[in-house]
Each structure stands twice: as structure tokens, then as C-alpha cells.
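For reference, the structure discussed in these notes is given below.
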Amino acid sequence: MSVGKDVVTYLAENEWLNENAKRWGTKIGARAITAGTTLTELIPVIQKLNYAGVRTSIVYLGDGLYEKAGALEVKEQYIQLIHLIQEKALDATITLQLTQLGLDIDFEFCYENVKEIVAEAYAYDVQVTIEMEDYGHVQPSFRMLEQLKEAYDNVGTVIQAYFYRAEEDIKKYKDVPIRLVKGAYDEPISVAYQTKEEIHDNYKKLLLEQLQNGIFTSIATHDRDIIEEVKRFVQEQEIPFDAFEFQLLYGFDEELQEQLVGEGYPCSVYVPYGEEWYSYFMNRLAERPQNITKKVFNKKTNTILATVAGAFVLGNLIGRRKKK
Ligand SMILES: Cc1cc2nc3c(=O)[nH]c(=O)nc-3n(C[C@H](O)[C@H](O)[C@H](O)COP(=O)(O)OP(=O)(O)OC[C@H]3O[C@@H](n4cnc5c(N)ncnc54)[C@H](O)[C@@H]3O)c2cc1C
């Protein structure tokens, strides 16, 4: 039996489940695709990847969405992380989700948080990527990038190929490193391509143009068809290996990761960690269930999930779901 994408997305966004997920820890298998909840758990994961010849980009899954105190904690976590990257000589960059740092609370407040992180990262020679979230956040995120790049050259961003605007954006931001992704959110036809084919074709078109521009590009996809095409293209066009990297999500396709490293291609992995792993886990599950189910679902996790589902129903019945 498979669970529909809408149901999983609903579960990912459910606050009551989100809050209670912390109690079960990462027992339901999130450790397969996240590096634990603390810096202590994260560091050996990064060291192991680095040892295997893989770079990393670390993202902290914190709780800065609604309250300033949470956003400030996320900021502090990143500052500690930057110090540890240098202290332990990790091959790691950091990725920031602006809504975690207060984007929905107040733009200026968020900007101050992000600026502090970027300035610290600059001082410690750490590269920063501003992640792109849903369409409503894209414009303010680019606005923040524009302000930051006036003063710092260690900051880049993400372009989502499913947006019609992606072609203009990629031209406009040709002076910063770009991570090109297909796009992960459900977006309307008024702003985004809808079919797999259209998104795939636009991704490929933008990527091949971008690779000829000489701007550092993270090719963030697990799509083997695109990866094979890039390999051919970079050989033909003699694109230097320091102009791009393949980038994968942690725990998704280790076979591909090993293959790329074995062939000598630059390869990086996006590694999430933090207390708020639950919605990341559920969203990835909604996107491509087979990636996670293969690794995670066994008799033990099924029992835990069945218990969770029961507790959820019970929680609803007795009105324990918190309303914001
Ligand atoms: C490093 C990184 C950072 C990201 N950051 C963002 C972001 O900031 N904003 C955002 O909106 N989205 C982000 N995403 C998510 C992205 O937008 C896509 O939703 C996600 O990567 C799935 O698309 P895909 O290109 O990997 O392949 P899909 O479109 O999911 O798959 C295409 C084809 O690739 C093959 N394939 C895919 N996965 C596997 C696998 N594990 N094993 C074997 N074959 C496989 C299959 O043949 C499949 O049909 C990020 C993704 C990555 C990798």
C-alpha cells in the first residue's frame, strides 16, 4: 500500500505531529537522510563524507519560523557551525533557509541575522548559499542576496528551473555561484512549468548555458539522464572541473555519489541536521517515497508509524492539536 503525496505533505505540515516527532527522536528512520539533531552528531558525518572525497553543504533544521527567539537560536547555531568548520578543517559550506532566520517575521530583522552569519562566514572563509523556498519567498530572497553581495563575495543562491522566471534570474545573478535545482514546491501554472518533461527540459537548457558562463555551478539533481549529459558536455566543451560540482541530497543515492567520486568528478552532498528534522523527512518522503522507504521502513519503523498515526487520531479526538 502506498500513501499519497498529499497525505504525506499534510502530515509534514501538521504542527501537532511536528512537535511530537521530537519525542520519538529520529527513531522512525530520519537518520538515513539527516545527520542527527546536534553538532556533535553532525561532525562525524561530515568527516566521513570528506574522507570519502565528498564536499558538503550543511543546513540547520531549526525552529525560527514564527518567533524571533527561534530565529536568533538558528543564527547562533550557524555561528557555532562556522567556527567548527574551521576548527575541524571540514570541507563544508553552509546553506541558509531564510524563513528559519525570520523572513516571515520581518525583512530587516532577517537581514540582520543573515548578514551576521555571512560576515562571520566571510571571516572564516566559508561559502554561503541562500536557499530558495516557495514562490512567495523568492523575490524577498533575491532582494536579500542583492544587499549581501554588495559587501560580501562568499554568498550564492539557488535557481529553481520550474519557474518561468528562472531564465531571467540566472542571467541576472551571473556574478554569484548558483545551485541549480528543479524546484520542490507545488507551484501554480501561472508561475511554474507543471510537467516532468517541461521541468527537465528547462533544467537542462539553463544548465548547459550556465556551464558555459564560467560561474561556479552546483548541479543539484539525482537525475541520471541529466548527469550523463553534463558529463558528455563538460568533456566536449572542456569545462574545467573547478567550475562545477554535482550535488546530491544526503543519503539519497550513495551509489551515484561513489560513482561520481570514482570517476573523478567534483561531488558535494547537502547535509541537513537539527531538531526540526520531521518536516524535512516527510517532504522528501512525499517527493520520492522509494528513496526513503527502501532504507527506513521495516517492521520496527512500521510499528512506530502505526503508533504515531494512532496517537495522531487520538490527539485530534481529544483536541490536543495546537492552533497558531
Ligand atoms: C543539493 C540539493 C539542494 C536543493 N535545494 C533546493 C532548494 O533550495 N529549493 C527547492 O525548491 N528545491 C531544492 N532541491 C530539491 C529539488 O528541487 C528537487 O525537488 C529534487 O532534487 C528532486 O529532483 P531531481 O532533479 O533530483 O530528480 P527527480 O526529478 O526527482 O527524478 C528524475 C529522475 O532521476 C532519477 N532519480 C532520481 N532520484 C534517484 C535516486 N535516488 N536513485 C536513482 N535514480 C534517481 C529517476 O530516473 C527519476 O525519474 C534541492 C535538491 C538538491 C539535490
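Note that the numbers count up from 1, one per residue, in the order the chain is shown.
Glycine residues also receive a Cβ, built from the backbone N, Cα and C atoms like all the rest.
Please treat TrEMBL annotations as automatic predictions, because they have not gone through curation.
Summarising the annotation, TrEMBL assigns FAD binding site to M132, Q160, K182, G183, A184, K196, T221, H222. Residues or ranges marked as domain 'Proline dehydrogenase' by TrEMBL: 45-287. The transmembrane segment annotation in TrEMBL covers 301-319.
Sequence features, as recorded in TrEMBL, placed on the structure.
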residue: M132; record: FAD binding site; DSSP (3 states): coil
residue: Q160; record: FAD binding site; DSSP (3 states): strand
residue: K182; record: FAD binding site; DSSP (3 states): coil
residue: K196; record: FAD binding site; DSSP (3 states): helix
residue: T221; record: FAD binding site; DSSP (3 states): coil
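When Cβ neighbours within 10 Å are tallied across all protein chains shown, the highest count among the binding-site residues K182, K196 belongs to K182.
The Cβ of G183 (FAD binding site) lies under 8 Å from the Cβ of Q160, A161, Y162, F163, A192, I199, each of which sits 6+ residues away along the same chain.
Around the Cβ of H222 (FAD binding site), the same chain contributes L248, L249, F252, D253, L256, each under 8 angstroms and 6 or more positions distant in sequence.
In the predicted model, residues of the domain 'Proline dehydrogenase' (45-287) average a pLDDT of 95. Least packed by the Cβ count within 10 Å, out of the binding-site residues Q160, T221, is T221. Scoring each of the binding-site residues (M132, A184) by how many neighbouring Cβ atoms lie within 10 Å, the top position goes to M132. Maximum intra-site Cα distance, FAD binding residues M132, Q160, K182, G183, A184, K196, T221, H222: 20 Å.
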